[in-house]
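For reference, the structure is listed below as structure tokens.
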Amino acid sequence: MTPPRRSTQTPRFNLARVLSRFLLFSTLVLLVSVALKTRSRLALLFSSFSHPATMSYQQERYIAELAVQRATLLTQKVFFEKAKGTVSKDDKSPVTIGDFGAQALIIQAIRKNFPNDEIVAEEEASSLREDKALGAEIWRLVKDIKLEDAESDNLLGGPLSSEQSMLDIIDEGKSAGGAKGRIWALDPIDGTKGFLRGGQYAVCLGLIVDGDVKVGAIGTPNLPVDDSAAIDASTGAQQTADAANGVLFSAVQDEGATSRPLSNGALAASKPISMRPVPNIAQAVFCEGVEAAHSAQGDNAAVAERLGITAPSVRLDSQAKYCSIARGAGDIYLRLPVKKDYQEKIWDHAAGDIIVREAGGQVTDIYGSRLDFSKGRTLAANTGVVAAPKAVQDQVIDAVKVVLKL
Ligand SMILES: Nc1ncnc2c1ncn2[C@@H]1O[C@H](COP(=O)(O)O)[C@@H](OP(=O)(O)O)[C@H]1O
Ligand SMILES: [Mg+2]
Ligand SMILES: [Mg+2]
Ligand SMILES: [Mg+2]
């Protein structure tokens, strides 16, 4: 009798079955881990299907927040170093290795995600091409900065390939701006003087579409996470040394403004923010700049007096002022001109403008006109800035007009 052939085939058959089960199992594990890793992006995608009308600019907001967050890792490193590689620009204003490095990292993120968009950024690399030592110092910083969450960091583009590519990317912020198309306005360090003094500063990025600001993200590493933590009125420094610092603000048109703690990796959880109501304007708190050359503090004080405000103004460098009033740590931001012919730069205001408006405020110039971001690299059609809760904006403008004899 012929013996059954089954016995000789069994081991081969089992091996195949074990292998196929192993393959199936590994594929499942891989799929689950990919799904978990990308859950935030999937959630974003699914909600875009369920709320198509409210989903515009969500990816832009996400990338802007992450890019600003990554850049603050670099600025914080420089902030705590004694030598900040400061050089004086043609207009005698300071710029540091922190400004250049943050600009490189943020433009890289915009280029990776929105390659066709234009960029209006404050800095340019010509001085670094001449000063090789400074260029090399910035490159040493930039090449090592990454978010601790690999998925978030990859989204912004991996490390730049060379010092040369870093210089080239810094120079991609030279758009003339204007009334058409998608234009990012970037201030890699706003309040450089505050940054050098140990005060407030902000990393600011806004997206302007056809002349209108649609998205804003601002990182303020030295603002307290706690919305109501006291700030020293004269220096802008937080009064309690042990409280946590570092806040990331953002807004999208018609979708509100949010804040979240700055983190070293993926974005932390956010919460909505809004301006506080001002039932009695005499109780309002003013925010203004620290630098007397940037806004007329005497005129600001005269406006406050006219409104019956007696509390001292809170002085903060940078767009931290917009952020502070947007979360109710202060009510009114006045930037009355020192020189009538100074043209404010769009990167000094784009992100702050939308964050305040989405938090329930109004942002205008001294005449009460909305800031016009369609005129190029400057706010050529505006003079000064007045930001306040919508309900009291007219009252503030009236006082400004009386004081400035407009
Ligand atoms: N004469 C002037 N009037 C108004 N703003 C000025 C100015 N000279 C410089 N600035 C701007 O004021 C910004 C800082 O604002 P603030 O005084 O509110 O902190 C600077 O941004 P950078 O620090 O990015 O250069 C700079 O662009
Ligand atoms: Mg500057
Ligand atoms: Mg600035
Ligand atoms: Mg700047």
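Glycine residues also receive a Cβ, built from the backbone N, Cα and C atoms like all the rest.
Annotated features in TrEMBL:
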- Glu122, Asp187, Ile189, Asp190, Asp348: Mg(2+) binding site (BINDING)
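Residues Asp99, Leu186, Pro188, Gly191, Thr192, Ala202, Cys204, Ser318, Gln319, Lys345, Trp347 surround the recorded Mg(2+) site, their Cβ atoms falling within 8 Å of the Cβ centroid of Glu122, Asp187, Ile189, Asp190, Asp348, which are themselves excluded.
Neighbour density around each Cβ, counted as other Cβ atoms within 10 Å, peaks among the binding-site residues Asp187, Asp190, Asp348 at Asp187. Of all Cβ atoms in the protein chains displayed, 23 besides its own lie within 10 Å of the Cβ of Glu122 (Mg(2+) binding site).
For Ile189 (Mg(2+) binding site), the count of additional Cβ atoms within 10 Å of its Cβ stands at 31 [all protein chains shown]. Close contacts with ligand 4, defined as a Cβ under 6 Å from any of its atoms, occur at Glu122, Asp187, Ile189 among the binding-site residues Glu122, Asp187, Ile189, Asp348.
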